[in-house]
């Protein structure tokens, strides 16, 4: 059997960095090198301040870095020396050309494949870690075959990640399963077993599932689509609850106790975000359309449509509650990451809510404990989000939640950071304009509603009628928009 002694991972992002750090920790005899073209990112991985926030990640990196874990921009040497190469680069949704707004853009995958074959000799295992469309491995293999050399033997595997940001280290150390797909040839199965041997250092054999390459690729898309579907399903029920007096949390508890359904991913909110769910569902929609399965495509498109609707509905409630105008009103946005315990803002609902409120002329004061100021400005300056001068005129980044809420008409919770449960809301209420509104888009204040109402707040939340002074309103006049739409103006530097 092939023995893997050196691993190279191309891509030092949210997948490559944590995944290879855990492999290095669990396999001290394997030398792991993570490479990236972004020199600033590599410098951050080699510094005390890592480029991404993830609970437990810093301890893992510091225990291995400089021993058997290395971060470098020397991509070619790392490829040449490796027995196994992970491809862990971004696969964004296309914003132009055929399949724009849905299909995955594989230009970085293709660039990696060409660089690998250029710098390889002898036997090497190349493994997809990025989320890719079905048959992407076949595209990689075609590039390898078209550029082959004497004695070159490159085996292509699919090994999708199933980690969740915020619990990535826990998920990597104790995964539900490890999925490895490869060719059903003797050479392909030899490569599969070599990668299995790496994971068997800490993962029980019964949790390592092997399939053909296509099944592995589709399993990743399907898993994310099913999780996104559950969130959209419970969010659809939340709209019904607000109109009837039911509580979506009670409904979710009741249906979640059914063992056939289970209680995971039944938390109603302002909508799902992150770098995977929307991208992968849209990729699945495009795949179905390309295979002439329009009914299946429409089914999965509805998952995205419901997520968009939930965001627009929440923004409409904010505007409606504030006497149908937020023009020149200060609104505090608490939380900008797409979920707690991460600094990742990709497809964050905060971006969408901020866009809708900026379009109405609101002045936003934004606070997030882990998202840098520069990242917030970049996200809100996206050509599809704001006009040229909107961010400079309407957005202020606050150093703490109290500063953000000082003099505000309303505070809007967009990320479920635990610290938001512990704030001094009496202090906040005293400094806000009256009536003071709280819009809880993550239901983090559920146990505090009576106390907050006693203080004087008017509460609006997802899937529950709290304030008795108004009837929940579900308008549809806020127009749709998507970060995947092609920009109608040049992005700012």
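The first residue you see is number 1, and the count goes up from there.
Backbone N, Cα and C define each Cβ position, glycine as well.
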For Swiss-Prot, the entry region 'Important for formation of active hexamer structure' belongs, out of 311-315, 316-320, 321-325, 326-330, to 321-325
Out of 185, 474, which residue gets the phosphothreonine annotation in Swiss-Prot?
474
Between the candidate ranges 88-110, 157-179, 203-225, 226-248, where does Swiss-Prot place the region 'Disordered' annotation?
88-110
Of the residue ranges 129-135, 136-142, 143-149, the one that Swiss-Prot records as region 'Allosteric switch region'
129-135
Counting other Cβ atoms within 10 Å of each Cβ, which of the binding-site residues 90, 93 scores lowest?
90
Checking the recorded positions 36, 93, 220 against residue 161 (active site, proton donor/acceptor) with a 10 Å Cα-Cα cut-off, in sequence order, leaves 220
Taking only same-chain residues 6+ apart in sequence, whose CB is under 8 Å from that of residue 164 (substrate binding site), what do you get?
171
Write out how many residues of the region 'Allosteric switch region' (129-135) are helix, how many strand and how many coil, based on DSSP.
0 helix, 0 strand, 7 coil
Take the Cβ of residue 271 (substrate binding site) and count every other Cβ within 10 Å, whichever protein chain it belongs to.
28
